[in-house]
Amino acid sequence: MTTDTIVAQATAPGRGGVGIIRISGDLATNVAMAVLGKVPKTRYADYCDFKDADDRVIDQGIALFFKGPNSFTGEDVLELQGHGGQIVLDMLIKRVMQVSGVRIAKPGEFSEQAFLNDKLDLTQAEAIADLIDATSEQAAKSALQSLQGEFSKEVHELVEQVTNLRLYVEAAIDFPDEEVDFLSDGKIANALYRIIAKLDTVQDSAKQGSIIREGMKVVIAGRPNAGKSSLLNALAGKESAIVTEIAGTTRDVLREHIHLDGMPLHIIDTAGLRDTLDTVEKIGIERAWAEIATADRVLFMVDGTTTDAVDPHDIWPDFIDRLPTRLGVTVVRNKADLTGESLEKSQEQGFDVYRISAKTGLGVEELKQHLKSLMGYQSNLEGGFIARRRHLEALELAASHLQLGKEQLEVYLAGELLAEELRMAQMALSEITGKFTSDDLLGKIFSSFCIGK
């Protein structure tokens, strides 16, 4: 843990009404004496002159002092709130750095100090950056939920349950004559099943939180000439893709990034899927399947003039069978202007079905509302927590260890191996909040923050 005293501009660079300089560390009181001639009363706004080394006034403003550990970073913190001119702020930072032992903060170092001093866990620290970077009200609300500890609470509950079960299993191992009875009486199995079910729920919520933060990747897929490129253009609100009556016009992957009520949506238009001898088209089809493999949702585009079927298993069973497990699919029956179909949404064998005309725009707004709901949009803004890709990976790793532990229990009654899988699951979960985290990961996370945060 660093013992340096750090300084940085806490407000955005450039011209503004107010500019804030933040200092954190043991030398914050030395800085106060040098710049203000006194240490302000803790947690009181003090109007002061900010002076240079020759006792000349650089600026005038509000000084705030927070005595550690009752501060954001857990250290002594001094904030100087002056006028927002960049030259004045630069002069003030230079003055602060004339105090021996003070240096410029690295990006995210204030938040890192808060984490290292147990003022925040890692998910809460990340939520600060996510709140700043939020591109929608929903993302901001979810980031605030994480900052207030909603995600951490879920993870801590899982860690506690895994730890308690691990201790119970290890206690059984310590009594080898009774180990088999302990493992086979159903108590351990039931506890493990409850943990796995709880983790599944948290994973679903985290995936939703990741979509709110990073956006949802939606791949438009289907046979040639189903209207995929027309739908891309309709969703994007511009002519992004070339549209013709010639099957196979789209040979490569086309991408559009749009916002629906501020929520990011990444739309991927792909080549029509079919058997072909054309080398270039084959490459496009391979790329289409690669995009589908990493999608959050597939819009299965169907030419409504070629079939009356609505169940995707009836329309194209080979396509549905090849899709990744648990990948959500929305069936989009296109050309409703020609078929005269009702635009009402329906459900077929668990699949959402929408009727639209990508050419005229009929039903497109309803499809947009559907995509918004999939991204977790809620008009009352009572959304869940925000999540990052690393959180999803850690949850997936924990889930895999729990599944392996389940196998060790059910098939082999192997207590020691079950305990080891529980230990690995515990470590994976604890990495989310930073209980067990490498220095490399901390550096990567906090270096992406703003300087001054």
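Heads up, the Cβ atoms here are built off N, Cα and C, so glycines get one too.
Sequence-distant contacts (6 or more apart, same chain, Cβ under 8 Å) of Glu79 ((6S)-5-formyl-5,6,7,8-tetrahydrofolate binding site) comprise Ala10, Ile20, Ile21, Arg22, Ile23, Ala63, Leu64, Phe65, Phe66. Annotated (6S)-5-formyl-5,6,7,8-tetrahydrofolate binding site per Swiss-Prot: Arg22, Glu79, Lys119, Lys453, in sequence order, evidence recorded as sequence analysis.
Positions annotated as domain 'TrmE-type G' by Swiss-Prot: 215-376.
For Asn225, Thr244, Ile246, Thr249, the entry in Swiss-Prot reads K(+) binding site. DSSP gives Asn225 (K(+) binding site) a coil state; it is part of no helix or strand. Cβ neighbour count for Asn225 (K(+) binding site): 22 (other Cβ atoms within 10 Å of its Cβ, all protein chains included).
Reduced to three states, the DSSP call for Lys335 (GTP binding site) is coil. For Lys335 (GTP binding site), applying a Cβ distance below 8 Å and a minimum sequence separation of six or more within one chain yields Gly227, Asp303, Gly304, Thr305, Ser357, Ala358, Lys359. Taken from Swiss-Prot, the feature GTP binding site covers 225-230, 244-250, 269-272, 334-337, and the record attributes it to sequence analysis.
Look at Swiss-Prot and you will find Ser229, Thr250 tagged as Mg(2+) binding site, backed by sequence analysis. In the structure as shown, the Cβ atom of Ser229 (Mg(2+) binding site) sits within 10 Å of 24 other Cβ atoms.
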Chain-internal residues, separated by at least six, CB under 8 A from Lys119 ((6S)-5-formyl-5,6,7,8-tetrahydrofolate binding site): Pro69, Phe72, Thr73, Gly74
All-chain count of other Cβ atoms within 10 Å of Arg22 ((6S)-5-formyl-5,6,7,8-tetrahydrofolate binding site): 24
Neighbour tally for Lys228 (GTP binding site), based on other Cβ positions within 10 Å of its Cβ: 31
